[in-house]
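Undergrad: I have a structure I would like to understand better, so I am pasting it below and will then ask my questions one at a time.
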Amino acid sequence: MRNDVENDDDDSYPKPVGRRSVFFYGVGHMLNDITAACWFTYLLLFLTEIGLSPRDAAIAMLAGQIADGFATVFAGELIDRFGHFKVWHGAGSILVAISFSSVFGGCLPCKILASCSSVVETVSYSTSAAIFNVGWAATQVSHMSMVNCISLNSSSRVVMTSCRNAFTMVANLSLYAVALVVFSSIKATTHADIENQYRWIAYTSIFIGCCFVGIFHLGTKEPRLKICVHGTSNARISWAYWFKKVLYYQVGLVYMLTRLVQNVSQAYLAFYVMDDLQMAKSAKALVPAIIYMSSFFVSVIMQEMSWTGHRLKAYYSAGGILWVFCGAGILLLPRNMSAFMYVISVLIGIANALMTVTGVSMQSILVGSDLNGCAFVYGSLSFLDKISCGLAVFALQSFQSSSPKTEEALSTEHISVTRYGLGLLPAVCSLAGVAITYTMKLQTQDSKSLMEPLLE
C-alpha cells in the first residue's frame, strides 16, 4: 500500500525545501533537546548527590525511559489516525515544560509525608520522570515524522534532519553554558544547595526551550503534503505493512544502536571526568560543550550536501568507526593524561553528528512516500531506543553498586564500570551499527540543491 502525493510541478522529483522552512523546522525540537541533555547528563549525578543509591537513581531513569518508550508508540498511532502534527507538538511541549521542573525540583511527597525514605524519594522522582517523558515522546514523534510530510525530496529531508541536529547541539551548548555559570556561582555544601543548583539549570533550560518552540509554531505551517494525502485517501497503513519490510528492522536496529551510543555515553560522561579522570568541576560542563560544538559544525556542513543512500551509509560508517577509536581511548586513558579528553571530545562530537544525521535520515528513506504510516515508524523505532537505553543504564548502575568487592575484582587501575559505559558499550554498538548498515539497500529519489520553498 502506498500513498501517491500529487505534484503540480512537471519535474520528475519533488522540489527542495527553502532555507527559511528548514530553519523554522530545525528549531522545533529545542525544548526536548535541552531538557534531554539535562536528563541524560545530570539526572544520575543529581540523584546520587542528594543521597539516592546508584540503583535507585537508575530506577528513576528507567521509569522515565519505559514511559517514553510506550508513549512513542501510542503517540505515533494517534498521529497517524488524526494528524495535526503541530497540535501534538504543542501539547507535548506544554507537558514537558510543566513537568520537567519537578524532575529536578525536589521530592514533593517527602515534604507532604514528612519522610525522607529512599522508597518515597525513588517513587517520587520516578513518577515525575514518567510524566515528563510522556510529553517528551509526543513532541518528539510529531516533530520527527513531520519532516516526511513537509517534503518528499530525499536531500531536503536529510537537510532538515541535519538542521534539527545542529539545533540539538545549540540546545546542548546552551545547557552546558548555563550549567557552567550555575556551578561556578552557586556553591553546593548541603542537599538544599545541590537541589537549588539543578533547579536553576532546569528552569533556565525550560525558558530557553519554550522560546524556540514559539518560533517553530509561528514559522511552520501544518505540512501541506499530509493535508493533500488526507484529502485524497484516508487509508491508514497497517503495522503489518512495515513488519514485512526487512529495511524496517535494519533501520530500527541502527537507530537503536545510535541512540545507545549517544545516550549512555552522555549519561556517564560527567562521572568519567569527575571520578575517573578527577578533572576540575568545570570539566563536567566544558567537556560536553566541546563535544556539541564539534557536532554543531559538522551538522552545519552536512546541510550543504546532496545525499544518496550510498552516501548515507558511507558517512554513518565513518562516524561509527571513529567512535570505536574514541571508545578505545576512553577505556585506556590514564588519569595523568586527562587533558587528552579534550581531543577525544572533539572526535566524539564529529562521530555523533555523522551517526545521528545519517541514522535518522535512514528512517525518512524507509518511510518514502508512505505518509499515512510515518508517525508509527518513528514511534515504534523510538520505543526500541528508549527501552534499550533505560535497561543499559540500569544494568550498568546495578553492576556498579553490586558490591565493593565485586567491583574491585572486575576492575583494573584504569578500567571501571564508568569507563565501560562511556567507552566499551558505545564502541561495540557503533561497530554493530556499521555492520548492519553495510547490509542495507537504501534507495533515494533524485534531488537538486536547496532552492525553492515547498511551504508557502
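Just so it is clear, glycine is given a Cβ too, placed from its N, Cα and C backbone atoms.
TrEMBL labels come from automatic prediction, so no person has curated them.
Marked as transmembrane segment by TrEMBL: 22-45, 87-108, 166-186, 198-218, 246-265, 285-302, 314-333, 339-362, 374-397, 417-438.
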Undergrad: Give me the stretch from 22-45, 87-108, 314-333, 339-362, 417-438 with the greatest number of Cβ pairs under 8 Å to the transmembrane segment (246-265).
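TA: When the Cβ pairs under 8 Å are tallied, 417-438 comes out ahead.
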Undergrad: Look at every Cβ pair spanning the transmembrane segment (314-333) and the transmembrane segment (417-438), keep those 6 or more apart in sequence, and say whether at least 3 of them are under 8 Å.
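TA: Result for the transmembrane segment (314-333) with the transmembrane segment (417-438) is yes.
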Undergrad: Does the chain bring the transmembrane segment (22-45) near the transmembrane segment (417-438), so that three or more CB pairs sit under 8 Å (pairs 6 or more apart in sequence)?
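TA: No; fewer than 3 Cβ pairs under 8 Å.
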Undergrad: What parts of the chain pack near the transmembrane segment (374-397), using Cβ distances under 8 Å and only residues at least 6 beyond its ends?
TA: 44, 54-55, 57-59, 61-62, 64-66, 68-70, 72-77, 79-80, 133, 137, 140-142, 144-145, 148-149, 237, 239, 242, 248, 251-253, 255-256, 259-260, 263-264, 267-268, 363, 366-367, 417, 420-421, 425
